[in-house]
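Visitor: Structure in structure tokens, see below.
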Amino acid sequence: MSVPKSCTILVAGGGPAGSYAAAALAREGNDVVLLEADQHPRYHIGESMLPSLRPLLRFIDLEDKFDAHGFQKKLGAAFKLTSKREGSHGPRGYSWNVVRSESDEILFNHARESGAQAFQGIKINAIEFEPYEEEYPNGEKVANPGKPTSAKWSSKDGSSGDIAFKYLVDATGRIGIMSTKYLKNRHYNEGLKNLAIWGYYKNNIPWAQGTPRENQPFFEGMRDGAGWCWTIPLHNGTVSVGAVMRKDLFFEKKKSLGENATNTQIMAECMKLCPTIGELLAPAELVSDIKQATDYSYSATAYAGPNFRIVGDAGCFIDPFFSSGHHLAVAGALAAAVSINASIKGDCTEYEASRWHAKKVDEGYTLFLLVVMAALKQIRMQENPVLSDVDEDGFDRAFQFLRPEAVKKFTKEDVAQTIDFAVHALNNMAELDMDIPEHMINGDKEGENGVTNGNNGAAKTAGLASNMEKLTNDEEKVLNGLRILGKAAPGGTLADFEGTAIDGLMPRLEHGKLGLNKV
């Protein structure tokens with residue numbers, strides 16, 4: 001079968017975001033073509049899934065297949081950010097630790113089984129646009145470069161061609177063809193420029209051996225505050241072990257070991273700074289190379305436009321501390337499917353549908369960015385009680401938002417509690433070691449734009465975030481008013497997703513009727 005000359009919806013990229021979007025849209029009877037530049041199975045890091053994946057897979061009838069595959073069940077995880085404190089999430093609800101080459105291929109094949117025409121080894125090189133004739137203003141996380149109408153592709157066997165389409169889903173990963181080549185709107189978070197090294201081990205000591213939490217993921221902050229380490233047990237008998245640290249501190253560490261220091265040596269030094277993980281690995285054997293990759297966090301000023309949607313890493317990426325990447329990819333893919341189908345069905349205008357998608361993606365990024373910033377700051381400060389009250393020696397409250405109940409819908413109060421916690425953390429940082437300039441805390445009156453911490457107000461929180469992590473102007477809005485209030489936390493049911501109204505539109509998650517309702 002060859003790539004067709006035209007389709008209704010072109011999905012560029014066959015990773016989790018693209019495959020999920022293609023499956024959801026094809027199941028609605030749409031003519032969908034999915035093009036993946038690589039060949040499955042292909043390696044990818046990012047093995048630890050959140051419980052929110054299960055209801056998302058359930059919606060496209062894929063949960064049972066994932067469950068039957070034999071992936072390591074993830075009943076929870078522990079986060080030890082300082083030398084004294086340990087927090088966890090679970091055990092209500094579960095997810096999996098996956099081998100991404102296997103899980104990504106399952107998703108890709110499911111898109112084909114759902115009715116999408118799926119091709120591998122096909123790369124999108126360029127996109128053609130034409131003017132969009134209807135009113136479509138820039139702003140509010142959307143952009144109008146024109147309407148994409150066709151794409152030029154090439155294959156690994158040397159063939160090439162063009163494919164025309166009515167809608168485009170950009171799921172091209174960090175390449176992000178729309179953001180980087182056409183919109184040129186990707187912005188890096190200067191405070192979250194990290195570098196990761198990782199490898200795979202066998203014969204380690206399971207974490208929490210002999211307890212109900214045995215062999216669950218474990219994350220530990222380095223004692224020098226440079227970053228954090230992970231251990232994620234996999235069903236193939238290996239354990240994924242890695243370290244994430246600020247890029248400048250990584251090279252400082254490498255320099256201290258000598259100019260010829262290898263990543264294996266650097267990993268060994270990181271394990272010394274994560275003593276619990278170091279003990280777990282004492283009898284273990286490294287069975288892979290130590291890999292390295294930049295781990296820069298970024299976002300964009302727009303995630304949609306006339307007849308196109310941007311999903312997953314093609315739009316935004318955050319430090320992987322809370323397994324955010326895969327969740328944002330799949331949740332964003334569902335948002336793309338909902339909004340495109342709504343546009344096709346005439347539930348609303350294309351401008352309204354695309355703006356809904358863009359804001360939905362931005363909200364997910366916002367929630368994770370807020371908590372990741374607070375967690376990383378705790379790691380860097382170590383003994384200062386940023387993520388726990390002075391009289392509390394645990395992080396359970398901090399990670400409550402990662403503990404979905406099987407049938408519980410998150411309320412405004414639930415989300416507000418999470419936000420209040422993060423605001424409390426940021427304000428503690430100010431009390432500990434920050435001198436906030438007056439001009440950074442001027443702005444909205446307390447309480448006007450949402451939840452406050454009781455005395456400082458949202459504008460001060462925005463200033464704290466800007467000072468704390470050198471946020472871009474766009475990212476300062478993350479804490480400016482805390483507009484997440486009433487939006488869905490990453491939870492255990494699709495009610496969290498479906499029950500959220502944006503600009504008077506709510507998602508309608510019914511097979512055969514996927515779209516948006518006006519409320």
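Glycine is treated like the rest: Cβ placed from N, Cα and C.
I grabbed these lines from Swiss-Prot:
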type    : residues            : note
BINDING : Gly14, Ala17, Glu47 : FAD binding site
BINDING : Ser324, Gly325      : chloride binding site
SIGNAL  : 1-21                : signal peptide
Visitor: I'm trying to understand the geometry here, so how far is the Cα atom of Ala17 (FAD binding site) from the Cα atom of Ser324 (chloride binding site), in Å to the nearest whole number?
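Guide: Approximately 13 Å lies between the Cα of Ala17 (FAD binding site) and that of Ser324 (chloride binding site).
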Visitor: Using only the residues recorded as binding FAD (Gly14, Ala17, Glu47), report the maximum Cα-Cα distance in Å, whole number please.
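Guide: The two farthest binding residues have Cα atoms 17 Å apart.
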Visitor: Reported as an integer number of Å, what is the Cα distance between Gly14 (FAD binding site) and Ser324 (chloride binding site)?
Guide: 19
Visitor: Relative to the Cβ position of Ala17 (FAD binding site), how many further Cβ atoms are located within 10 Å?
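Guide: By my count, 32.
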Visitor: Would you kindly give the Cα-Cα distance separating Gly325 (chloride binding site) and Glu47 (FAD binding site), rounded to the nearest Å?
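Guide: Here the two Cα atoms are 10 Å apart.
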Visitor: Please compare the binding-site residues Gly14, Glu47 by how many other CB atoms fall within 10 Å of each one's CB, and tell me which has the fewest.
Guide: Glu47
